[in-house]
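Undergrad: Let me give you the structure first, and then I'll get to my questions.
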């Protein structure tokens, strides 16, 4: 397996993580470099770790994972995406029911809410769930690496770096999109996650291939 093939594989595996990173950037306000760095580290780290686990597990484990990996990704992404949409709609209803208060109080509440939302979106638990969901494919691919006679250390470093860079940029790009979508940012982010989950499910069940064959 050539370096070029490994790089292309890395880009392919990183696409879901990149899309989720864009969704993260959309739902966050005033993204800081450390926010993008945290997301990139989680996604890049898991994208490198999963192939290593798969490589160590062997061919037998590959058959086991392939049977349900798409369902795991679909359920995790669908749940997180649905939760984001539900919370966004709930917040919108609550805002309509609130009595008008002074502009200064509103600004303080918005800042408090933004800080609380940032902590939730960037929590280790939240990022771990998303990182696992978007790196399950890498686990299955990693199993095949065991039979290709390649340097697994070099391979996972390349894959990890590619994912890290793409996800860092994804968060920044997402923030710019968030300025456009404004109040609908979290709904858009949730929809993106659900669509990614559906895409993974359709690809692995062969439905997309049948539709375009």
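Positions of Cβ are set from backbone N, Cα and C atoms, glycine also.
Straight out of Swiss-Prot:
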TRANSMEM  3-23  transmembrane segment
TRANSMEM  36-56  transmembrane segment
TRANSMEM  67-87  transmembrane segment
TRANSMEM  130-150  transmembrane segment
TRANSMEM  152-172  transmembrane segment
TRANSMEM  187-207  transmembrane segment
Undergrad: Report the listed stretch (36-56, 130-150, 152-172, 187-207) having the maximum count of Cβ pairs within less than 8 Å of the transmembrane segment (3-23).
TA: 152-172
Undergrad: Using a Cβ-Cβ cut-off of under 8 Å, list the residues of the same chain that are 6+ residues beyond the ends of the transmembrane segment (36-56) and lie near it.
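TA: Long-range Cβ neighbours of the transmembrane segment (36-56): 13-14, 17, 20-21, 24-25, 62, 65, 122, 124, 127-128, 130-132, 134-136, 138-146, 152, 155-157, 159-161, 163-165, 167-168, 170-172.
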